[in-house]
Amino acid sequence: MPRAGLCSCWGGRVLPLLLAYVCYLLLGATVFQLLEKQAEAQSRDQFQFEKLRFLENYTCLDQRALEQFVQVIMEAWVKGVNPKGNSTNPSNWDFGSSFFFAGTVVTTIGYGNLAPSTEAGQVFCVFYALVGIPLNVVFLNHLGAGLHGHLATLERWEEQPRRSQLLQILGLALFLTLGTLVILIFPPMVFSHVEGWSFGEGFYFAFITLSTIGFGDYVVGTDPSKHYISVYRSLAALWILLGLAWLALILPLGPLLLHRCSQLWLLSRGLSLKDRGAPKIDGLPRPQKIPISA
């Protein structure tokens, strides 16, 4: 049965991969936090010291002192320390932020606003990506293949009653609509509210993220003037993983849905889908069956 085959696929391949995937992200978040948090704290303290010295010397400031201060700011920024605010700013390497960073590494988004600054962190990041990126690809491929195999049973839909065909079309359309709302509409609304963005900016961030482009011009949880909940960036990382998985699921659904709608339209014009070898009727060709599995 289709449901039994789908359950077997989940239990035999996808579920173990999912567990390995989540465990790998947790491992990465833990190691990044241990390697980077202390170095970030030292950089933040040094930056605050330089700001105080700048204020004390403001009356006799020269060009060289200004250039040195700008250099300090740039070095702090490269290490993930935001020049705004003070030393009480939330850490970029707490567990939630580290989990978010691990997710951007294995999904190849790479916003560019944060990177390991210690040599040990950079070496670990290289090997972590070497294993995590293929794991991410394999997981998404198996997830998409599971649904693809399940949808292959719909190839025999012409043998079903007209009502069942219509219900299948409505079910696929409902799945696509709900998925779009949950993945591409509601999250940008939440990000826009929390970050103070417009909805267009929130949707732009969602698209750039889920397409794995990751420009880094918009990143959640980076404004030091806002007080985020501790799990905010972890939830954002989970949204990224769910969004990528959803995209892997719907890729075969779009063409399938269009094909089924065209078949129903032809049926409504009085054409039979079973007599494929018959000549054209009323100038319209007989629709051909398009397989959805290789």
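Every residue, even glycine, has its Cβ placed from backbone N, Cα and C.
TrEMBL annotations:
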TRANSMEM  14-35  transmembrane segment
CARBOHYD  Asn86  N-linked glycosylation site
DOMAIN    87-144  domain 'Potassium channel'
TRANSMEM  93-114  transmembrane segment
TRANSMEM  120-145  transmembrane segment
TRANSMEM  166-190  transmembrane segment
DOMAIN    181-251  domain 'Potassium channel'
TRANSMEM  202-220  transmembrane segment
TRANSMEM  232-258  transmembrane segment
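Residues 104, 107-113, 183-184, 187-192, 194-195, 232-233, 236, 240, 243-244, 247 of the same chain, all 6+ positions outside the transmembrane segment (202-220), place their C-beta atoms under 8 angstroms from a C-beta of that stretch. Remote same-chain partners of the transmembrane segment (120-145), defined as residues 6 or more beyond its termini with a Cβ less than 8 Å from a stretch Cβ, comprise 9, 13-14, 17-18, 20-21, 24-25, 28, 31-32, 35-36, 39, 102, 105-108, 244-245, 248-249, 251-252. Note on the domain 'Potassium channel' (181-251): DSSP counts are 46 helix, 0 strand, 25 coil. Applying DSSP to the domain 'Potassium channel' (87-144) sorts its residues as follows: 38 helix, 0 strand, 20 coil.
Here the domain 'Potassium channel' (87-144) has a mean pLDDT of 88 out of 100.
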